[in-house]
Amino acid sequence: MKVDNVKPAVYNFTYLLKVCGDKGELRRGKEIHGQLIKNGFSSNVFAMTGVVNLYAKCRQIEEAYKMFDRLPERDLVSWNTIISGFAQNGLAKLALGLVIRMQEEGQRPDSITLVSILPAVTDMGLVRIGKAVHGYVLRAGFERLVNVSTALVDMYSKCGFVGIGRLIFDGMKQRTAVSWNSMIVGYVQSGDAEQAMVIFQKMLDEGVQPTDVTIMAAARACADLGDLDRGMFVHKLSDQMKLGSNVSVTNSLISMYSKCRRVDIAADMFGKLSSKTLVSWNAMILGFAQNGRVNDALNYFYEMHTRNMRPDTYTMVSVIPALAELSVTRQAKWIHGFCIRSYLDDDVFVMTALVDMYAKCGAIHTARKLFDMMNERHVTTWNAMIDGYGTHGHGKAAVELFNEMKRGNIKPNDVTFLCVLSACSHSGMVQEGLSYFTSMKRDYGIEPAMDHYGAMVDILGRAGRLDEAWNFIQKMPVEPGINVYGAMLGACKIHKNAELGEKAADKLFALNPDEGGYHVLLANIYAMSSMWDKVAKVRTMMKKKGIQKTPGCSVLELKNEVHSFYSGTTNHPQSGKIYAYLEELGDKIKAAGYVPDTSSIHDVENDIKEQLNSTHSERLAIAFALLNTSQGTPIHIRKNLRVCGDCHNATKYISLVTGREIIVRDMQRFHHFKNGTCSCGDYW
């Protein structure tokens, strides 16, 4: 019995081409393309449109366009296929050009065309074209279609017009989960996380089933708000939806817990994640860095490296700031070398992080060399360098760089002005600071934030113009915040003004600050004025509120080992030598003119007062460094608190009698002590 060969129908080929395209199986798709030609379908518009779709889905967009261009005739489906292909492959401009060409060739865009092109408009931020598309939607009567309205919501929201997006969203008679997601994501991206959570809750109340995108957007909103309770609710909802194996959702939850200061939960989730992606590692490294767990961030970075996971820009801009906090030049040089070997040294974000890192490690000249080498600079690059100069006490250099920036194409932002004001404060440049504060709003339309007001109080206060600083606070157009009164209190401590210090403290404590350092500042102000009864009251208040003074800790690196010193402790292996040397050093600096300031210590004998001051953490670290390094080697120390006045004065004399340069980075700035002077000019 003879069996005839059955010739395949065209839809057999188009079905197989679609399957290959969806799965990204290019090789098998090419084989089917060959069979299609062999069977005489090379001129069939339906079949060849399937070929165009295959190549577009497999990211072979040039090949897709070749196939499209060879079509003997083009219907609406073929136009939509190639337009969608260009849009989905990141070629938004070319996709828009094809829509124009499509109309020139007599085809009117339909709803599929519009849904394909609106994401391309969004990617390019071309809201003007988006509005034109919106006008076409209204004229063609497509606004009733849920997919078209959803695409418009998404376009407006992501282009910064979230209010228009919301109007369209509210006017929709029918909404899908994608519509709700577009609105939630729009609010998150526009910085209104609270409104994103309101829409999220409304979505749940209306019984719409969330998707993985919903969970990721809600988690990010909770992260931005620092709202742990709602974040845990989102996590619970994710578990109910059985999204635990979805790595993108887990990554979002890791980021959320990290930003909500529960990096322990984030680390637990990361540990249980079976298929860790680069995004997972980046989220965890950044989480540790954001929570001050610098060593954990570095350890995870090293582990990631040993697993042959190639770092990207995001990895480096997470780990480099962590290293900057350690302030260890050797490790800074190592990570810089790593960036070069990883071919990331021409990335503007990585280079900006390196500039900031070198500045924070005390190598300000190296930071400037890198800054000058950069072909491209963002506003954050300028900010990092200006801030670096400011924290090193190079106020003039900071101002000169700021003026250079103003002459260029990049406009300063609110952070730039904060960096410049801070630089003026650290260098006693009062008139310049006042001028820049005025210029900020007048010339650039930037409304001062609370940090800018705090910086102005700091500028006036450090310079001893305490009455002006207090009057400035009284005239503020907004209610002063903790940092404003904190700056005033700090200035009162420097200039020993108990009256204004008390006023500032009353206002400050009414705002319930978490930081116990403010209470210590007030106690020290009272102590310097011998108001011991008030010192006792502050200490009682701290005890009642459970506020403890943060212990002073100074850290330095020697021979690849980090040494930590706490005030008055004797647990270091060289403690005996250190204390003996400090006594000897004390005699030398007194002979050179140093007079101890023990005014903030009460109820002990004078020699005990001096001994308490002389065993502060930075002095223990300095003594250790002097004993263990050779003459001529600069000493680098990092302290977690501000350097106290007596230690600042003593270190100047130590640099004089030992002939050593001592660099101390405290919580606010760098102090370069050399030949009996400090770079801060005593605006410490």
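Every residue gets a Cβ built from N, Cα and C, even glycine.
Feature annotations, reproduced from TrEMBL:
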- 593-684: domain 'DYW' (DOMAIN)
- 75-109: repeat 'PPR' (REPEAT)
- 176-210: repeat 'PPR' (REPEAT)
- 277-311: repeat 'PPR' (REPEAT)
- 347-377: repeat 'PPR' (REPEAT)
- 378-412: repeat 'PPR' (REPEAT)
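Taken through DSSP, the repeat 'PPR' (378-412) splits into 26 helix, 0 strand, 9 coil.
Counting residue by residue with DSSP, the repeat 'PPR' (75-109) contains 26 helix, 0 strand, 9 coil. Sorting each residue of the repeat 'PPR' (347-377) by its DSSP state yields 23 helix, 0 strand, 8 coil.
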